[in-house]
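See structure below.
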Amino acid sequence: MAKVAVPGNGNVFLLDIEGTTTPITFVKEVLFPYIKDNVQEYLSAHWEEDECKQDVHLLKKQADDDSKHHRSGPVHSFDQTVHTDEEKAIQEVVDNVLWQMAEDRKTTALKQLQGHMWRAAYTTGKIRGEVYEDVVPAIRKWRRLGMKVYIYSSGSVEAQKLLFGYSTEGNVLELFDGHFDTNIGAKVESKSYQRIAESIGCSADNIMFLTDLTREAKAAEEAGVKVAVVVRPGNAELTEEDKSHYKLITSFSELALPDSA
């Protein structure tokens, strides 16, 4: 694939994670299966700890809300305080977590528990964040040239930092100037990219956004951000219209940097 030129005024890179810096399979085949396979063991081990109690309390509130709105699923009025049978109480939480995951729900309660489980897995070496081999060398080059690099992912900032802090390339957090998640806005909304530019303190057209999803690329373009779509194994297929409209790269090394960067 031919080199893609980074505009001369582009001195900030904004990077998506899944399908861009990291294989989609890492999320689908490592992170989520880890939760499913280990949630019961994790809850049993941490059941009496304050953090776990807070996680369960939040899940209970979500279950109560689901019940009020007649959402289908294994809705339980679960809480450590209402069960003398700890094993049964834990199983109720497990059932609810697995149901939410099967429904691909993104509730705060579910994300919070998942985040705490992943943190434990990363710090104990059970999981290492996967990063494509072209990513770290490219970012190091960009940084040497004085360019800034930020992450923007739908995963929480904490989850982002765990992935890059405990990665297959070691702790590479020093390569990033900052992290953004959906607290700044949805990735398919152009206003999110305007807010990011304002937060960084630069013009939108100073930013080069790399993503595998064209709906995110479209939103960024509408905000005035420069875009390149990353084509990796397992990423969503692009239409012919997409291929003709967007600049495409298969590796970060295919970006031609401005001489003055």
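A Cβ is built for glycine as well, from the same backbone N, Cα and C atoms used for every other residue.
Any TrEMBL annotation is an automated prediction that lacks curation.
So that you can see what the record holds, here are the features copied from TrEMBL:
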type	residues	note
BINDING	Asp16, Glu18, Asp212	Mg(2+) binding site
BINDING	Ser153, Ser154, Lys187	substrate binding site
Cβ neighbours within the same chain of Ser154 (substrate binding site) - under 8 Å, at least six residues apart: Asp181, Thr182, Lys187
Closest of Asp16, Glu18, Asp212 to Ser153 (substrate binding site), Cα positions, binding-site residues only: Asp16
Those residues of the chain, 6+ apart, with a Cβ under 8 Å from that of Glu18 (Mg(2+) binding site): Ile24, Phe26, Val27, Ser153, Gly155, Asp212
Listed in sequence order, residues with CB under 8 A of Asp16 (Mg(2+) binding site) and six or more positions away: Tyr152, Ser153, Lys187, Phe209, Leu210, Thr211, Asp212, Leu213, Glu216, Val230
